[in-house]
Each structure stands twice: as structure tokens, then as C-alpha cells.
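Novice: Mind looking over this structure? Questions follow.
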Amino acid sequence: MNLKDFLSRNNTDPKLSELILFFAENGQTIKSGFLKSQNKAGTHNIYGEEQMALDKWADDVLINGLKKTRLVRYIATEEQPGIIEIDNPKNQFGVVIDPLDGSSLIDVNLAVGTIIGIYPGTVLDMGKNMIAAMYILYGPLTTLTFTTGNGVHDFVMDEKGDFHLTAENIKMPDGKIYAPGALRKDYLPAHARFIEILEKDGYKLRFSGSFVADMHQILHKGGMFTYPGIKGKEKGKLRLLFEANPMGKIITEAGGAVSNGKIDILSIKPDVIDYITPIYAGGKKEIGLINRYMNEI
Ligand code: AHG
Ligand code: MN
Ligand code: MN
């Protein structure tokens, strides 16, 4: 069954379906752009990170497409300094986008992705108010994973760019994979204790440098991903709006959990679009453990 039929079979709101299909179509465009350039753009984003030409290109594809279709009112992306408001929009949706996640891996041909969250209105909202979250993973296959709060579903792109259902109502299994970002020498005490427990329990290390790729593996095989707060960088690295919230929504919907180490990330109300947060995302058992360690301090 293709994505369009799946959305209509599930009685998805037609306006939301149109928006999800917009991102699916543009995922194909982004994928086809990977032959363009693997170079750096020579510019930096608001996080001080060097932008790749493809970061900016993917950002332009999505923003220009949304301006043309007027499917949303608000757009916030990892590559833009502020919220873009569309004149005369057809809908009131707000979207948050990480156009290319894992972009430091582009020049070595490892899997990267696009992450999207959809709100009924403003993007400065709690993650739990998202009405849909999705990601597209560009690996040996291009896959699309999404939720509208009615299960998590996987699709694979065919040679024509159409997405076909491969897994419905995914529930994350128990598993022993851990994907820890940052350097061990900078770990804070509760985090160090947590990682030590996982290692003693036989968790296998799997950290690629692409949040989408690592989370997709954890969704299907169990375990947990973290980019923790560290010494001198207590907020960690990942962005609440563009990375933590959409992925957190998907993993929670699949029976897992997401936390900043103390509380559910989806209940944080951001005041700025570039809000940074430590993140722990994965099985309820693992996230419960780090919450306990951190809240004991
Ligand atoms: P982005 O490419 O959107 O800037 O995101 C990179 C993120 C995430 O994908 C990954 O988990 C993490 O940064 C890797 O960071 P390190 O290079 O510090 O390991
Ligand atoms: Mn990212
Ligand atoms: Mn990015």
C-alpha cells in the first residue's frame, strides 16, 4: 500500500495528509541532490556549525516548496535564524525541520536523514502538542517513518519515488544497543554511572554521527540513544525543536520514552527556536533508569 492510500485509509485529516505527502515528495528531491555536491558551504548556522552545501540546498528545497504551496503558516528550520511566516497560508500549521541530519557524514557516504515535526499552530509549543512527526532516512534504501498519534509506520521508496508500507504499528522491542554521543572524559557523574550500568549489562555500542540513523536502529532493535549534557556544555548538543521533539514523539508513540535526564522532553515549553537539550531516547526501562539517577542528585 502506498503512503497516499495509507493516509486516506486511516482517515488522516486531508490537509495534514497533503503536508505529509509534500515532505515525502521532497524527500525524493533531496535524495536526488546528493550527487550535486559533498562540499562545505563556507558559512555557519546559528549554532556556529559549518554548513555543508547540501544542508543549505535541502533547506532551500523545503522552504521554497512550502512557500509555493502555502501549506503551512510557520516554518522553523535548523539552518534559519528565525521563524518564517508565509503570507496568506492555506492552513495554520507550524513545521519544524532539520533538513539534513548527520550532514558531517555526507562526504563519506554514510546514512543521513531529514526530520520534521508538525504543530497545529505556533512552533514554540510543547512537543506533546505535535500532530505529526516524521523522518526520512537516506541509506542504502530511502525510508520514511511517521506518526500522527495513531501508531508509527515505516515506508520504503521505490525507483519512481513512491513510498510503500513496510511496517505498521511498530512497537520498539527490548534490546541492548546504546548510542552515546560526546566524550567519556566529559561525562557528568549520573550519566557516567548510567553508561557503566549499560556496559556491564552487555549493551553494544552503535553511534554513527547521524541521529536519524541511530534512532531508526533503536526503534527497530531496542536500546537507547543519548547526547548528554557534559562538563562545560551542560545542555548537550541536540536541538529540542528540530531533533529531540520529533524523534521523541515517534519513539514515545512506539512504546518508548524520551527525557532530558530528568523530565519528559515533550513537556518542555521552548521560549526560543534554538533551544538545546540533553537527550535520552529509547526504551522505557533505560530512560527510567537515567531519570532515577539524575533526580537522585
Ligand atoms: P546535524 O547534522 O543536523 O547538525 O546533526 C548532527 C547531530 C546528530 O545527527 C548526531 O547525533 C550528533 O550531531 C553527532 O555529534 P558529534 O559529531 O558530536 O558526535
Ligand atoms: Mn541534526
Ligand atoms: Mn541538520
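For all residues, glycine too, the Cβ spot is worked out from N, Cα and C.
Quick paste from TrEMBL:
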{"type": "BINDING", "residues": "GLU78, ASP98, LEU100", "note": "Mg(2+) 1 binding site"}
{"type": "BINDING", "residues": "ASP98, ASP101, GLU243", "note": "Mg(2+) 2 binding site"}
{"type": "BINDING", "residues": "ASP101, GLY102, SER103, SER104, LYS237", "note": "substrate binding site"}
{"type": "DOMAIN", "residues": "36-167", "note": "domain 'Fructose-1-6-bisphosphatase class I N-terminal'"}
{"type": "DOMAIN", "residues": "174-294", "note": "domain 'Fructose-1-6-bisphosphatase class 1 C-terminal'"}
Novice: Should we count any of the binding-site residues GLU78, ASP98, LEU100, SER104 as near ligand 3, judged by a CB under 6 A from one of its atoms, and which?
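Specialist: Passing the 6 Å Cβ check against ligand 3: GLU78, ASP98, LEU100.
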Novice: Roughly how many Å separate the Cα of ASP101 (Mg(2+) 2 binding site) from that of GLU78 (Mg(2+) 1 binding site), to the nearest whole number?
Specialist: 9
Novice: Taking the Cβ of LYS237 (substrate binding site) as centre, how many other Cβ atoms lie within 10 Å?
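Specialist: Around the Cβ of LYS237 (substrate binding site), 19 other Cβ atoms lie within 10 Å.
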Novice: Could you give the number of helix, strand and coil residues in the domain 'Fructose-1-6-bisphosphatase class 1 C-terminal' (174-294) as assigned by DSSP?
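Specialist: Taking each residue of the domain 'Fructose-1-6-bisphosphatase class 1 C-terminal' (174-294) in turn, the totals are 54 helix, 23 strand, 44 coil.
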Novice: So around the Mg(2+) 2 site, ASP98, ASP101, GLU243 aside, which residues have their CB within 8 A of the centroid of those CB atoms?
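Specialist: Along the chain, the qualifying residues are GLU78, LEU100, GLY102, GLY113, THR114, ILE115, PHE211, VAL212, LEU238, ARG239, PHE242, PRO246, MET247.
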Novice: Show which residues of the chain containing SER104 (substrate binding site), separated from it by at least 6 in sequence, have their CB under 8 Å from its CB.
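Specialist: In sequence order, the residues whose Cβ lies under 8 Å from that of SER104 (substrate binding site) (at least 6 apart) are MET52, GLY209.
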Novice: Calculate the distance in Å between the alpha carbons (Cα) of SER103 (substrate binding site) and GLU243 (Mg(2+) 2 binding site), and round it to a whole number.
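Specialist: A Cα-Cα distance of 13 Å.
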Novice: Could you give me three numbers for the domain 'Fructose-1-6-bisphosphatase class I N-terminal' (36-167), the DSSP helix, strand and coil residue counts?
Specialist: 26 helix, 54 strand, 52 coil
